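Reading through the structure tokens given below for one structure.
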Amino acid sequence: MDILNKNSTVSEFILLGLSSSQEIQIIFFGIFFLVYAAIVVGNLLIVISVLVDNHLHSPMYFLLANLSFFDLCLSSVATPKVIADFLRKQKSISFWGCMAQMFFMHFFGGGEMSLLIAMGIDRYVAICKPLHYKIIMNHRMLILFLLLSWTTGFVHTTSQMVFTVGLPFCGPNVVDSIFCDLPLVIKLACTETYILELLVIADSGLLSLICFVLLLMSYIIMLVTIWHHSSSASSKAVSTLSAHITVVTLFFGPAIFIYAFPFNSYSVDKFLSVFYSIITPLLNPIIYTLRNQEMKAMHLLCTLLY
Ligand SMILES: *[C@@H]1O[C@H](CO)[C@@H](O)[C@H](O)[C@H]1NC(C)=O
């Protein structure tokens, strides 16, 4: 192979999808369509409620609304094409379409991880430094958190994609998934990708593992702090914290599995990445609207309709 010839001969990738049976694909089309509609409606409802309702103008809800916005973006990167693909016999994606999918998935994914950390810090200050909460979590701090999230997402995805885009692709172009998944695409390059695989493991896998452990530890500290002060507010704080812990676990869990051990078990990865792109963005609406009485999203929907 000519190492100097960096030009890829592959101009498009073929996605294998989830099944080759026509009937099963129609069923998947229905399921994914409904779930995506629920993601869009649910997350939009959260964003609109927080922006419209003056009672929800607090740092916690602003961060939550921004998280829902990230979810909306994250699930819109690949899912609409995935849904349309279920009705197509040949599921192909152009070279740059594939690169864009991976870029934006890691952009919004990385941003969302940083935002989850910001939400953890917000709750930590509220519970462990309640008297200084208003002073610490001011508007400038919120803007700083948001800027940091977008920057982290950008740096995270760029550091991986700079090398992925430059890989030579000359051989097989079949991706065994429903969208372009970074580990699967890297495997298709017709060159030694060992260093890049290590970079992805460190950049996506290890990073999410470390963030996850730090977040869980801080949530445990908060729970312990709450148990020491038995007040009337504590049961609500515990309910908020358990919502956070559920979101954090379901968000980081699959990411750690996919990226910390990415280059061996494809079938598990495929299942997890589908789970990840479809289920995770639904979590916020489900968890926060069902559990949080303050949210009253359904009430808002009714007000808007009448
Ligand atoms: C994100 O948070 C900022 C800062 O508080 C807030 O002004 C903005 O409305 C939020 N964005 C969304 C989409 O909710």
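Using N, Cα and C of the backbone, Cβ positions are placed for all residues, glycine too.
Residues or ranges marked as transmembrane segment in TrEMBL: 26-48, 60-79, 99-121, 142-163, 206-226, 238-261, 273-290. As annotated by TrEMBL, domain 'G-protein coupled receptors family 1 profile' applies to 42-288.
Taking every listed stretch (99-121, 142-163, 273-290) in turn, the largest tally of C-beta pairs under 8 A with the transmembrane segment (26-48) is reached by 273-290. For the transmembrane segment (142-163), the neighbouring stretch richest in Cβ pairs under 8 Å, chosen from 60-79, 206-226, 238-261, 273-290, is 60-79. Same-chain residues lying 6+ beyond the ends of the transmembrane segment (238-261) with a Cβ under 8 Å from its Cβ atoms: 60, 109, 112-113, 116, 119-120, 123, 181-183, 200-201, 204-206, 208-209, 211-212, 215-216, 219, 222-223, 226, 268-269, 272-273, 275-276, 279-280, 283-284, 287-288, 291-292. In the predicted model, the domain 'G-protein coupled receptors family 1 profile' (42-288) shows an average pLDDT of 86.
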